[in-house]
Amino acid sequence: MLWQRLAVVEWAALAWELLGASVLFIAVRWLVRRLEKRPRDLNRCGTLSSPPSASEAVAAQPGEVTMDAMMARLKLLNPDDLRKEVMKAGLKCGPITSTTRFIFEKKLAQALLEQGGLLTSSLPKPSAVTAMAFIQGTSRTPPSVDGKQTQQACFSEDRDFGYSVGLNPPEEEAVASSVHPVPFSASTRNDNHKAGVTAPKEPLVYYGVCPVYEDGPVRHERIHVYEDKKEALQAAKLIKGSRFKAFRTREDAEKFARGICDYLPSPNKTTPLLSPVKAVPLGGSDGLKADGLCLAESETVNKERANSYKNPRTQDLTAKLRKAVENGEEHTFSDLIWSNPRYLIGSGDNPTIVQEGCRYNVMHVAAKENQASMCQLTLETLENPEFMRLMYPDDNMDMLQKRILYVVDLYLNTPDKVGFDTPLHFACKFGNVDVVNVLSSHPLIVKNRKNKYGKTPEEVICERSQNKSPALKERIREYLMGHYYVPLLRAEDTSPVIGELWSSDQKAEASNTAHCRSSPRDPVMTLRAFVGPLSPSKAEDFRKLWKTPPRKKAGFFHSIRKSDPERGIERVGRELAHELGYPWVEYWEFLGCFVDLSSQEGLQRLEEYLIQKELSKKAQQEIRENEGCLQDRTSDFGSGKKYSNSISVGAFLDGDDDSSLEEIKNQQNTVPSQSQPTTDKFQTSKSGSLPLGQKVDPGETSVGTYPDKGRNGFCHPLNHRTADGRGLEATNGEEALPPPVSVLTQELNKLNLQSLGDSLHETPDKNGKLEDEVLPSRKGAADSDLLASPPAIASLGKKQVRTNTEVSEAMAEMSLGPKSPQLGVQAGLEPILSSATVDSTKRLFLSGEEPSKLDRDVLAALECANIDPGLYPAIHRWKSTVMCYSPSDRQSWPSPALKGKFTTELVDLDCSHSCSGRCSPAGSSPSKPGHTSSSSGLHSPGRYSPAHGRHFQRVAHVARLAAL
């Protein structure tokens, strides 16, 4: 028991000893911390070289160190030194930023004033005042050597960097070096010591105000240089468009106010950059003497002026531009961007933001609102060099192309700020298939870019529109797979070749290599038609189907290709494409473009062409009518002989005016049997057809018997009679006609010779029937117009003088056959003749005055089209005229004369496996990229189809070079 008690006592004593030792250790540690927290004694260094402390200054001159002076002193410290002083003062220190710095400065100043201490390690030596005002980007002002002076901080009036530095802001170090420091004691001197040292009165900063000069300042114009910042601000407000800037010397401010050395050269210039700030440091003692680039004896400089377009306001971008894009207002959109290109191109050639927060540009908004036409119009405008030249008028074409590629790439592939979605993401997400078609066809589009959630455009198809059909989703996927075309090429000898698949994603090297390997003897291949855009699999299947038609229609397609070597394979491809529902276009020379005539756009173009042709024909007829009427008036004064409406027998007699009417009729009836085979050749000539069906009675014949004369556009002197029943003697006003008998004899001889040359084309039978050779389908078209004259007869009429031509026309009118409706009195066909006269001016064909194979080809292209007479009246009239002829007659129509070579866009296709050929330059292209207008429909061949392949490859080639 005793042993146990001793053990307990020992353990208790040991525990008390340990507890006492712990308490002692804690007390010592507390005392050490208290000693560390006490401010250091700054008076222990008695040497004169060490800077005096703030406590000594306070003790020597109590009440002179104020809170403002302490705050000014602390502003000269950099963030690291300020953090050290805060820690030494025993205060908690967080991150020091531009917003929190003032809080820590104020706390530290209060603590130092309470403790009577000041900064120690951060104070610079007195020699630093004359050496440099700023060290490591921050101002450190040493105290004065004079111990009787108090220490204060000196800081510039313009502490906010970048407030008034103009267009070319200087470097931060340059601005820092431009401020001359003042000793800290100079600002905190007592009134008792102000008499000792006086500060200079000269201002430290000069403010130059630069107005907007058109051709430089006038010689006697005032130069705006101010010493007060408020005055400079007031002047800048009064002078519209001006800007001001702070300078160290008055000379620099005057140069700035005159507009000298203020503009930077264009990126295409090779001259060095001229900047008054970067060329010479403003704090240097040499001023601008070190670099003479900014000095000009005449104070003028060869500078490049920027464009005069101002940045649009945010309200205009939102209320005008974005609203026009959302509503699809193309005209308003075009007016805005062409009036100020900065609506599309912002600073740094970046897309203009039309919706802040999400940072949407025009392409984002158009893709989101399903405005495919606005996307296409935006791309076409940005790729127009003339539009970019508005922004950079001094750039050459190479620089403009680089800028265009840069801006277009940003518009197509810039993600938004919220979900990192590109315009293609928006189009796929909302199921806007037309927008996907436009965007995915561009060569600069990136189709596999991922958004914030790591999804590509293909993975977000119809995420925001779940009610879309599966067929539409499949179409979007096909567009994202690529746009492929099946082209049809033709050589100069019209031999067709179905080329390899063509896509906008193909590289240009392959086509260039094939171009170099082609032989000079190979024919030049031209693009005539193409199918697409299609997916790669569909394009390959259609190419095989086009080359080898299905067995059921193989015979029919084979007969078409053999019977029509000029456009047979186009007909086969057209029918296959329409049957499968694939886009199809072919080139038509008379329209000058690639188009599908059965589409709405094709019908509209054909309607415009026919209307223009009708107007042109009517204008020519009016000109002839005016000429004839003028000649009638001039010849009316010298007329002395009588002529009937038709050529009477008086025309065959030399001056016998007393012939009776019955003799005239008898001799007139003997003429048709002699010249029947050649009469119809004169029905329609280059000068027009004659009005038929006039009465023979001279008493009833007058000018008023031609109700349709003005409408038809003909006013022939031989068909006119004066009011007294007499005809006109001469066509000129001065010379009379030669003897009519001799003239008609010469004409008959010429016609006999001409009929021998025309015997190969037409052979009339004994009865004089010309329905099968000259007038096709006359049996089923009683009210159709007369067939146009052959080219040989037309050329013959051109070579004759006007008098002979008029007599020939009169003879043709006289010598109409029995089946030709000429004598209304005898045959009783006056109503029919009037309609024939009216319809003769409505004859309308696509090429010339007579039907040709072109009419047959266009009719075949419109076979499946539903033509509404109300919407397309001209097409309806043309089709009715062509359908009056039988199919066998239409097969015999000749091909129109080709006007030169094929002028289509010659595309460099890699057709070395299927054909050998080289492509001619694109200078003779009928569908140049520059001619593409925004009004073209989305279903017409776009800028990136084979119709514009050369432009396409050029863009891809330049983009590839830019990427390198």
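Note that Cβ sites are derived from N, Cα and C of the backbone, with glycine treated the same way.
What Swiss-Prot records for 666-688 is compositional bias 'Polar residues'.
The feature domain 'LEM' is assigned by Swiss-Prot to 71-115.
The annotation phosphoserine is assigned in Swiss-Prot to Ser266 (among others).
Sequence annotations record features per position, and here Swiss-Prot assigns phosphoserine to Ser275 (among others) based on a large-scale study or a structure entry.
Of all Cβ atoms in the protein chains displayed, 19 besides its own lie within 10 Å of the Cβ of Ser503 (phosphoserine). Ser503 (phosphoserine) falls within a strand segment according to DSSP. The phosphoserine annotation in Swiss-Prot covers Ser503 (among others), and the record cites similarity to another entry as its basis.
The annotation phosphoserine is assigned in Swiss-Prot to Ser519 (among others).
In the structure as shown, the Cβ atom of Ser535 (phosphoserine) sits within 10 Å of 19 other Cβ atoms. Sequence annotations record features per position, and here Swiss-Prot assigns phosphoserine to Ser535 (among others).
The phosphoserine annotation in Swiss-Prot covers Ser675 (among others).
The phosphoserine feature in Swiss-Prot is assigned to Ser916 (among others).
The annotation phosphoserine is assigned in Swiss-Prot to Ser940 (among others).
Taken from Swiss-Prot, the feature region 'Disordered' covers 666-726 (among others).
Under the heading region 'Disordered', Swiss-Prot lists 920-949 (among others).
In the predicted structure, the repeat 'ANK' (419-448) carries a mean pLDDT of 93. As annotated by Swiss-Prot, repeat 'ANK' applies to 419-448.
Annotated topological domain 'Cytoplasmic' per Swiss-Prot: 29-964, in sequence order, evidence recorded as sequence analysis.
The transmembrane segment annotation in Swiss-Prot covers 8-28 and is backed by sequence analysis.
According to DSSP, the domain 'LEM' (71-115) comprises 29 helix, 0 strand, 16 coil.
When the Cα atoms are compared, Ser503 (phosphoserine) and Ser535 (phosphoserine) turn out to be 10 Å apart. Taken residue by residue with DSSP, Ser535 (phosphoserine) is part of neither helix nor strand, so it is coil.
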